[in-house]
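Asks: The structure that follows is given in the form of structure tokens.
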Amino acid sequence: MKLTWLACLATVGAAYDSCYHEEEKVHYRHGAIEYLRGHPGYKGAIYRVCQDGVYHCKVSDQILDQPSLPSVDCDQALAEYDIMHDPDVDMGRRLGLMVKPPAAELWPAGVVCYALSDKADPAIKPYLEATVTEYRTKTPIRVITVEQCLALRMPTLCGNCKNFALVEDSKPGCFAFVGYEGKPNQVINLHPDCYLNQPPGHVQHEFGHAIGLFHEHAHPKRKIIIVEEALKASRNNYVKKTDTKLTAYDMGSVMHYGASGGVCVPTDLTVQFCDIDESSEKTGCVVPTLDDCDDKASLVLGQRDGLSPTDVESIQVLYKAISSKEAKAIDRLLFHATQADQAEATTSSDDDYDNDDDDDDDDDDDDAM
């Protein structure tokens, strides 16, 4: 049976390119989004977007920062969702879409494993090193390679090192799956156009998603407006989330989009601007444009220098139940060992150099070290 309320109407005049909501008897502007099933951000949630007078349905894959998502048949997607969530249907037959969890799944012991694709641009390596250091020195999270995981011989980590994020750049853009997917090749796409010759926070942002952080500009108490004409990512990246653990809203979060990403601080804070899922006909809100943005006040948005204090607090809230014994073991067995290896290699190199010059001097050098 066709769902008549999914019908759309391209109108003329002031409502041109809007979509008509038959149940509410109002128009929604081009770019407006409405969730039909599930909760924003989670895998399997279904939403529709008004595009040039026509509603297009999308299914969330829990990967944020993608430029766009493919359209799907609305009736088919909704029917499959409803069957899978029907309490009378045998649980063993519920395949495909997953039931919405209370939050993104967390990495066991707070350890994130990743593998770098052989085809990835090697320019990513110093940015990855900076990201590893940022999370290790400021949070309970430890980011390690699959090879390092195997060397640790700790089967509780990353499903015995079999579940990991694959860092690649096979597609344009930077985007990542939110939380722990519990399988190999979890998505972290880092194309050089997103991070090269820029602060390391661009890579740290995507690893923040992998850790389990959603966007800061999706905070229910956000103080920004969403400008449809300037959006750079799929619309689901801009919807408020009200079902996650919260810390205070932070414009300076590394997880917040900047003014170039379609968000800004409004010049007039007293105006009721339309959110991305609101209809001006229904609520009387004002559709925001770039002219409504306070460019100077918006400069604070979307810094990419590193984790903010609120970012650190958010991670601590998520992983507060995680024991630090794994982190301590990793620091002792891996990072400290690496530093010792580097020091030993440096010493060995110096000794080799001295041997080439003078064996007598070599003894003096050893005594002095």
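Counting begins at 1 with the first residue displayed.
From the backbone N, Cα and C atoms, a Cβ is placed for every residue, glycine too.
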Asks: Please identify which of His215, His217 is recorded by TrEMBL as part of the Zn(2+) site containing His205, His209.
Replies: His215
Asks: Can you work out the mean pLDDT of the predicted model over the domain 'Peptidase M12A' (93-323)?
Replies: 92
Asks: Report the same-chain neighbours of His209 (Zn(2+) binding site): residues 6+ apart in sequence with Cβ closer than 8 Å to its Cβ, ordered by sequence.
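Replies: His209 (Zn(2+) binding site) has long-range Cβ partners Leu64, Asp65, Phe175, Ala176, Phe177, Val178, Gly179, Met255.
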Asks: Near the Zn(2+) site, what residues other than His205, His209, His215 in the same chain have a C-beta no further than 8 Å from the centroid of the listed C-beta atoms?
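Replies: Residues close to the Zn(2+) site, other than His205, His209, His215: Leu64, Asp65, Ala176, Val178, Glu206, Gly208, Leu213, Phe214, Val254, Met255.
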Asks: What Cα-Cα separation, expressed in whole Å, is found between His215 (Zn(2+) binding site) and Glu206 (active site)?
Replies: 10
Asks: According to DSSP, collapsed to three classes, what secondary structure does His215 (Zn(2+) binding site) have?
Replies: coil
